[in-house]
Each structure stands twice: as C-alpha cells, then as structure tokens.
Amino acid sequence: MSVIVSPTPIAPATVRYAFYGRVSTEDQQDPSLSIPRQLAACERVVREVGGTIVAFYWDIESGRKELLTRGRGANSTPFGVPVRRDGGIADLRADASKGRSFDAVIVESIDRLSRMTADATGIERELEHLDIGLFASDEPMVANATAILTRRVKQGVAEWYVCDLMEKSRRGMEKSVKQGWHTGGPVPYGYTLEPHRHPNPHKAREGKKKHRLVPDPERAPIVLMIFSWYVVRKLGIGEICDRLNRDLDRYPPPQRNRKDDNDLPQTWSKAQIQSMLRNPKYTGFNVWNRHDKRRGRPLIRPKEQWAWSAEPAHEPIVPRELFDEVDGRARRNTIQPGRRAQVEYPQRTGRRAGRLYPLRGRVRCARCGRRMEGSHQRHANWYRCRFVWTRGGIAADRAGHPRALGIRESDILDHLIDFMGRQLFGPERLRLLRKQLVGRRRAARRARRAGAGAAQRARTGRPRSLPADASPRRARRPPPPRRRGRQGADRGAEQPPRRDRRRARRARRTASRRSRSRRDRGDARRHPGPTADAPRSRPRGACRDLRGVRRERRLRQAQSDADARGYDHAGAGPGKTKSPTAERAGRGFRI
C-alpha cells in the first residue's frame, strides 16, 4: 500500500491556506451555522501556526457522491451563508492545477473532504503532486508517520459510519413496509394519505406522524378503468392517453412534477399511464425498493430485490388477477435492447454507435420548457421537442403546442458562433486566450515530463534527487558540451517542427557522406590502390601485426614502381587508354 505524505509546509509566516467546508444536505444541517463553525475552527489553527486563509471553498452536498459529480450541490444563495464562496471542490482542484494561489488546504475534519476513502485519498494525492499540503484542524499540523496513521484511521471510520448507517436505514425501511406504513415518495394516483399517531412517543410529542394509503373516491375508479381498457379492450397506451386528455374534467390528470413546471394546461402523459400499469401497490400490497436511482434515470430493479408486505396493507383498487394479466401483456410487449435492430438489420450484430450532438441537454423548448431531443434527419442534426411523443396530439392541441417543433443544429451554431465572436472573443480576449493556451500547453508538457521521469525512477530505482525530466540512462551519460555562437543564442527559441528536424538530419548525413568521399579521393591521389593488372598483394585474412603491415607497404611500393617502369617502356598498352584512377592521380601518360 502506498503512503501519501503531505508536503512539509514552508515558513509559517508565508503559508497561504485555502479553506474547504461541506454540509451534507440542507434538510439535515443548517449551512448558515455549519459553514461558519467549520471556518472558525480552521482559522484558529491557522492563526496558531502563523498562516492566513486566502481562499474559501465550500459545498452543500453529500460526502458519498462520486468525485466526478462533486461541486454540483444545492444552490447556496437562499441560505444566506455569511462566508465568501470562491467555488466548490471542483473549483478548488481547478485553481490548484492552474496556479499556486495557495500553499495548503485546510478542512475542519478529513471526512468533510469526502466520506469515501478512495476519493479523499485521490484528492490528497492530486494536491501532493502539485506541492500543496492537506491539513485538518483536528489533526497534528505536521507530516509524519503518526499523522498519516491517524488520518487513515479517521477516513476508514468515516466510511464505515456511512455504510453502517445505510444498512440500518434499509432494515428500518423494510420493517416499516412490512407493517404497512407508507415509506415516502409520491403518492400513487387514486390514493390519498391517512395520518396516524407515530408509534414512537418522543416523535409523537414532536408532532410527527405516520401514514397509510387509502383509496380516493374520485380517482380510484379511473385507475380501474385504465386497467380494463388495457386488458379487456386491448387499447394501447397512446390511445388511452388520448381518451383521457379529451375530457380532463371527467378524468383529472395527476399532479405536476418539477419537469412540467410551465404555464401549459395540465394533461395526461404516456409515462404516467405506463407507471400506473406497472405499480403493484394497486393490489393492496405495500412495496418498496422498486427503483434504482443511483445512475440518474430511475431503473426498475428485479423483483427479487423488492421489499413486500406479508399481507395486503391497504384497500386494493385493482384485483390481483387483473394486475397479473396487465403485467404479462406488458412483458410480452417489452422489446429487449438490440432485439429490434437485429430483426430489421440482420447484418448488425453489435450496438450502433451514437451520434454526437454538441448542444445535447442545452436546447429547451420555449413553449413547454422541456429539453429538446437530438435527431438525425435529412442528412443533418436536428433538435426536436417530444411533447407530442410523450403526451399525444390531443394534449398538444389543448395546450397550444405545435405537433412538430424542431430546429436545425447548424442554425443554432451559426448564431452561437457569431455571438461568441462578438461578445466573448474580441481582439483583447483572443490575445488573452492565446496566452492561456500556450501556458496550459507548456504546463501539460512539464507535467508529462515529470510523470515520465517519476515512472522511470519507479521502474529503475533511481534516487529522487535526479531531475524530473532526466531518465536514468541520460543521467549516467556526461552532459553534452555547451554550444557556442548562434546555436547558443537561439537555445531559448521555439523548436522547429519534427518534419523540419528530420530533413536537417538527412542533410547532415548527406554532407558527411560527401566529405568522406572527398577524403577517399584525396587518399587515392596520394596512395593509388591496385589496378586490374596489379591485383591486391595482401590476401584477405592475413595477419595484421606490425611486420605484416610493413611488408605489405614494401610490396605495394615495389609493384607500383614496376608498373610505372613498364608503362614508360611499353607505351600506353592496348588501346592506348589510361585508367580513371591514374588520370585522377596525375600519373597518366600522353599519346
């Protein structure tokens, strides 16, 4: 297990601290009281060591959230927290990576950073790589083995506390369901809540109550009629939705949710009818833990994970036999993921790759306020409103909403780019953006070099005293000689592209080969080699000791003198030509 040691702080008088605080949820703690209390505890410790707090970061969110989704908690404006807020945990990490505006981070307790040990340790390691310390007001302000052990024990206890609390809460909810109490959440359409005195006398004195479901005499018959239409008359969900929306006075729709907060008339939706047909609470049994909401959109869990009451806990609206028929038809109509694509396109064996919609989730309908869906039509990306698909044409006509409403993506991007070019990226802002991009690129290059050097040191066991950008092999070699002149003057200039550097290396190799060829020709003039008439006197593989070298030189000189005397007496030989080597050496003869 790797041990992370927070860097030792510098001189106390120069240490700049960044405060981070967190409140779990707004309904469990008061942010206007908790955040100032955490800040006061940190300021007391910082004052003792002679430092100062220069930045303030805090969040209102659960400590169990994943690290990638942190910093998006509740809005802090309505609570009136009397502490300046420079951002959340995401802003703290971003500011730490951009530039060192602070030297260390301090929290009241290490569990305020995160309740999960892996996330808290990851943030600590990230700050350590940036030479930023992480301290807690209830821990020693030193970096030694005892402080590390204390922190790890506290992190483990914090995570154990959360897991133990979840297990106890789950057992309590299951017990409440089996006793027939309503465990919270939206009340099913057709039921109302009947309050009862709380069994716990202490909570009863506080005015808390427990509730049971009772049928609503006005809306319960509508639920039974919807089940009958679906099973007996074989109507689809879309047809049922249109029938209900034709007479809203006779069939009052369910209450609005947060997504339907608009000025349009309240109508039925297909999702509400589908959820009603799948809800087993209409049979009189109390059910809990049906949905999994951990990944954003709620998903239905397997029935084995549901918590059921042992016997009917409230008056049923739908008979059990009718609900079983509805459930069987719904299962038969359900298309498994990928089944339809494989039937229509047998050549497709895998999942289709999704298209890229840059404005996904950011385009809303001006009429209903809901997010518009991306769609690829007529060789272009479009964003369309799904009001008709979710509520039907009858509801769209009653609300005055167009049945077909869409906009081309290119039209939005043209106006968006024009706005950004005029309002966001003026001449001065472009200059600033260019400077920031260059600085970020250099910082990323330095970080890559530092990471590569650390990984190489970990593999080879080199000491940490080596520079971060020097590999062990380079460290063993002596440093290259210092260049003078123009190259030394241009050392700080920007390096040319890789293609130009390759061309320069090829040119240098070509020039080197040419210079070697010139030296060989000069040696040939001074020491002509053997010709066709005078073969090489030294056999291959001969001994290369000193005596052999001298003997070879004498034989070569004697052969050269004999050839010269023969040519002088006999003329130029057959054809009266001269060899190119002799001509280049200046030893040819004239005719």
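Note that Cβ sites are derived from N, Cα and C of the backbone, with glycine treated the same way.
Whatever TrEMBL says is automated annotation, not expert-curated.
TrEMBL lists 198-212, 439-449, 473-486, 499-519 with the feature compositional bias 'Basic residues'. For 450-470, the entry in TrEMBL reads compositional bias 'Low complexity'. Summarising the annotation, TrEMBL assigns compositional bias 'Basic and acidic residues' to 487-498. Under the heading domain 'Recombinase', TrEMBL lists 188-336. As annotated by TrEMBL, region 'Disordered' applies to 189-214, 246-267, 439-591.
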| field | Three-state composition of the compositional bias 'Basic residues' (499-519), taking helix and strand from DSSP | value | 21 helix, 0 strand, 0 coil
| How do the residues of the compositional bias 'Basic residues' (198-212) split into helix, strand and coil according to DSSP? | 5 helix, 4 strand, 6 coil
| request: Would you mind splitting the region 'Disordered' (246-267) into helix, strand and coil residue counts from DSSP? | output: 4 helix, 0 strand, 18 coil
| task | Helix, strand, coil: count each for the residues of the compositional bias 'Basic residues' (439-449), based on DSSP. | result | 11 helix, 0 strand, 0 coil
